[in-house]
Every structure is written in C-alpha cells, then in structure tokens.
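Participant: Sharing a structure, written as structure tokens. Questions coming.
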Amino acid sequence: MTIIRKSHPLMKMVNHAFIDLPAPSNISGWWNFGSLLGLCLIIQISSGLFLAMHYTSDTLTAFSSVAHICRDVNYGWLIRYIHANGASLFFICLYLHIGRGIYYGSYLYKETWNIGIILLFLTMATAFMGYVLPWGQMSFWGATVITNLLSAIPYVGTDLVEWIWGGFSVDKATLTRFFAFHFILPFIIAAMVMVHLLFLHETGSNNPLGIPSDSDKIPFHPYYTSKDLLGVVILLALFLTFVLFFPDLLGDPDNYSPANPLNTPPHIKPEWYFLFAYAILRSIPNKLGGVIALVLSILVLAVFPLLHTANQRSMMFRPISQTLFWTLVSDLMILTWIGGQPVEPPFIIIGQIASILYFLIILILLPIAGLIENKILKW
C-alpha cells in the first residue's frame, strides 16, 4: 500500500513541498531565512489576531485600548511586545534573505524574485499601517507625513491623498481603513508566499556555488527540516530574550504620548527598518524627486536579473563583486543611521553621497565588475 503522504491529495502537496523535495546538498545557513520568514509570518498573524480581539480602531479609544491590552489583558503586554518586535525580526530576516539572494545570484530565478519584490512591498505597506494603529504621536505624524508624499503626484496627488485619508486630514476614517487593511494584508502575503514557493519549486533551490545541482540532491526531510529547526530555536531564543529584556529598544518614546494634531514631534521618523528609504527620500530637495527615489530604492531590486553580466552566477569566486556587495551593505547601514538623524549638516551631505552610492553600485559598478571578472577569470 502506498504511504498516505504520497497518495492523499492534501498530504501529497505537503510531501512534495517539505518532505520529498529534492534539495541541493550544499546549501548553507543563509538558506534558513525562507523558513524563518514563514515562522515570523505565523508569529505576526497569531499575535495580531489576539491583539485585534481587544483593539478598537477609533481615534478616541485606540490609544487607551492599547494601554488596556498591556495593563488588563492576561499576558497582553507580552502579546503586544511580541507583535511590535516581531515586525523588526521580520524585516531583519527579510533583508538577510534579500542580501543572500543578491550575493548568490538567486535573482536569476526571475519569477520567484519578482514575487519576492511584491512580497516586500506588501510587507512594508502592512508594517507602515500597523505602526499607525496605536495612535501615538509618531503613529499620527508618521501617517500624515508618509501619506502626504502622494500629493507630489502631478494633477491627481491632492485628490488621492484626501481619498486615502477619507477626509481633509488623518482622522477616524483613516485609522479605521488602516486597521482593515492591516488585518487583511498578512493573509494576502500568506497567499503570495504560496505563489513564491510554487515558482521556487519549479526550478529548485540555488546553492552557494551557483552551479546546477541536479546530480547531487538530497531529500528535504530529515536533512533540512532539522537544519531549519535549529535556525528556529536560535531565532526564538534571541527573539524572546529581546522581547522580555529590551521590549522598547526599537520603539519611539513619542509613541507613548497620545496623538495630538496640534503638537508636532521635533523629529518625525519611521521605524528603523524604513530609515534607509527615508534617508534616500530626504536626500533629494524636490518632493516629487524624493518620492520617485523612495520607490526606486526598492524597485531597483527588479533590475538585478537584467544587469547580471558575470558568467558565474554566485559572487563566491568574484572578489571585485564581493567588495562592492559589502560596500553596498555598509552604505545601507549608513543610510539607516542618517534616516534617524535631523536634517542638518553634516548629515544632509552624508545622506546624499550614500544615496548616490547606493544606486551607483547597483546600476553601474556591479555590472561593470561582472564584465571585468569575466576577463580576469578568462571565463
């Protein structure tokens, strides 16, 4: 008799995706972040569901409902901090996952890569709307500033902003719709993750060498299930340490003050995981130019497959590209730091140089490095 996992229609799908899936024998720990992102999504949806049971999306009660969750609900403080810091964990894993994709040339699986970019946009939208919900000072002013950027769109900008706000300012209608979207988007993300995996399993995983691994495959279970489990244990240990000992480290103290439209905080800034894009936005003095640069800072990921000039897929044996890659990582860290600083010298010029360097490395230097390496390696 056939084993049930190979014959049952539902189990068969799970079997092909997580048990009998042929995987390259040499994929490193950098390939763990896919499963860790799945874990992050489960943590966020679960904790978010329990928060939604006690949260009220009304401007008069939103702030106090979050306080009520922390003070009166059983382990409400824990659920709230898991959810708030879970977003940071999500983006750490997300950025490492993207970085691995760039380093090892995984972007040449174009369909998987493009779905990944859509997933990144959806996750960023979800995180932004979630940050507005506690209705603290930074929530309110962050929502006002970021939604206002759409007014830079010629002709339809102002109408578009008022349509999103549901009025002439960020108010009750805005909060209610943001809550609705923040609730539904994670489920759309989960559906898109399925599509992401579908495309990935069409081609199979890439590997650190960037060469075809058809001749050397091993089953996903038990090898990579146990490896993923180790990653999960390490991640959860670090995460819970952070949640229980430093829950407010990444948050903004301003968000412990209720939203007040008559009092602007001295420095309006988004959460840390958006600071690099915020720095790029601020480095251009023109409003529309800044918005375009902001969108392009993420959309530029889509050109990686088009600008791959090297004859080798992975950067493993390409020292010039490696140097540029780590320069890009350092540049993103500088942009993240600048995004959290006030708009004054010397931060303005540092941000502008870092923004130019970001696009320069991706669009010009990496493709040139690929061509040079082809010559050097006589590939």
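Heads up, the Cβ atoms here are built off N, Cα and C, so glycines get one too.
The transmembrane segment feature in Swiss-Prot is assigned to 33-53, 77-98, 113-133, 178-198, 226-246, 288-308, 320-340, 347-367. Annotation comment: Swiss-Prot describes H83, H182 as heme b b562 binding site. The annotation heme b b566 binding site is assigned in Swiss-Prot to H97, H196. Summarising the annotation, Swiss-Prot assigns ubiquinone binding site to H201.
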Participant: Any idea which of the binding-site residues H83, H182, H201 has the thinnest Cβ neighbourhood at 10 Å?
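Facilitator: Candidates: the binding-site residues H83, H182, H201. Fewest Cβ atoms within 10 Å: H201.
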Participant: Checking distant contacts: for the transmembrane segment (113-133), what same-chain residues at least six beyond its ends satisfy Cβ-Cβ under 8 A?
Facilitator: 48, 55, 57, 62, 66, 87, 90-91, 94, 98, 101, 106-107, 139-140, 142-143, 146, 174-175, 178-179, 181-182, 185-186, 188-189, 192-193, 195-196, 199, 270-271, 273-274, 298-299, 301-302, 304-305
Participant: With CB pairs under 8 Å as the measure, which of the listed stretches 33-53, 226-246, 320-340, 347-367 comes out on top against the transmembrane segment (288-308)?
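Facilitator: By Cβ pairs under 8 Å, 347-367 leads among 33-53, 226-246, 320-340, 347-367.
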Participant: For H196 (heme b b566 binding site), name the DSSP secondary structure in the helix/strand/coil scheme.
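Facilitator: In the DSSP reduction, H196 (heme b b566 binding site) maps to helix.
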Participant: Can you give me the Cα-Cα distance between H83 (heme b b562 binding site) and H97 (heme b b566 binding site) in Å, rounded to a whole number?
Facilitator: 21
Participant: Between the Cα atoms of H182 (heme b b562 binding site) and H196 (heme b b566 binding site), find the distance and write it as a whole number of Å.
Facilitator: 21
Participant: Quick check for the class: what is the C-alpha distance, in angstrom and rounded, between H201 (ubiquinone binding site) and H97 (heme b b566 binding site)?
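Facilitator: So the Cα of H97 (heme b b566 binding site) lies 17 Å away from that of H201 (ubiquinone binding site).
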Participant: Hey, does DSSP put H97 (heme b b566 binding site) in a helix, a strand, or just coil?
Facilitator: helix
